[in-house]
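Working notes, beginning with the structure itself.
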């Protein structure tokens, strides 16, 4: 039991490392070092001894299916080969278990037949030839019955095996919301299709993190439709995710997937932010409510410190602005020359922000 738990922990740790490297490759396709690191870590998964129980407990096989659709052919190929290997292990375990069950069933049926009496007391005695024919017929019937039982057991074995494999590898819903069974319309471009998948995953998180009042509204939204609309709006405005536009795509996708920014993706899903607005929003606009409050506090503090460093100014109407001819001004005086010289007066027009000075 302890070794099984240790293998499960090792399996999860290796997958997490491989998944992080795969995400970095998604963001930067030219990052060959991360791609190699991901492939090496995936290959290390093969060295871990697994069985059906370990796969069901860790759910690693379910999460690994995401990497089979990775845009890196090398990563997707290795991930698919690992899953195929695990399927064979699960199928072999199921077949062995059913073989044992079939053997025990045969033993039980044989013992029951031996207990039965060879003939009833009221039956007429049989001649040797008729007895021989009867035994042959009986043996043939038994053989047919046993063969039928074996075939039936085999079919049950296969169905149980496939069900076990599906349970251990295929039928999984991601922890951030069930997107496994969602059909996402294809565009014909692999990059655009990948962006749509990431958007569906991001918007599905809202269903697990929103408060009850907002959750009711979120459940009425079609996550796939919203994701496709957002991606189409981004493509129409920015074009493909490359060159200069790649930075904007990354900024939008990062903020939508950020675990610390649930407010932003919720607003987009509920329609509070239109898809067309995303391409013109700044990083500050996309920030969460908490981050916006922190940024405002920082700006207010900086403004206060800036104003505190200025000289105290007084208001007056004694000076006339040479630019706008108004008399709404503030001024302060400062000693800029030697002590026996008069002070310099600095004047600022409140109306047009014109500055001048005189002695």
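Note that Cβ sites are derived from N, Cα and C of the backbone, with glycine treated the same way.
In TrEMBL, annotation is done automatically, which means it is predicted and not curated.
Copied from TrEMBL, the annotated features are:
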- 1-24: compositional bias 'Basic and acidic residues' (COMPBIAS)
- 102-121: compositional bias 'Low complexity' (COMPBIAS)
- 122-132: compositional bias 'Polar residues' (COMPBIAS)
- 133-144: compositional bias 'Basic and acidic residues' (COMPBIAS)
- 145-175: compositional bias 'Low complexity' (COMPBIAS)
- 13-93: domain 'TFIIS N-terminal' (DOMAIN)
- 191-314: domain 'TFIIS central' (DOMAIN)
- 317-357: domain 'TFIIS-type' (DOMAIN)
- 1-37: region 'Disordered' (REGION)
- 95-175: region 'Disordered' (REGION)
Cβ contacts under 8 Å made by the region 'Disordered' (1-37) with residues that lie 6+ beyond its boundaries:
44-45, 48-51, 53-54, 57-58, 60, 63-64, 67, 70-72, 74-75, 194, 250
For the domain 'TFIIS N-terminal' (13-93), what is the mean per-residue pLDDT, to the nearest integer?
82
The region 'Disordered' (1-37): DSSP-derived helix, strand, coil residue counts:
32 helix, 0 strand, 5 coil
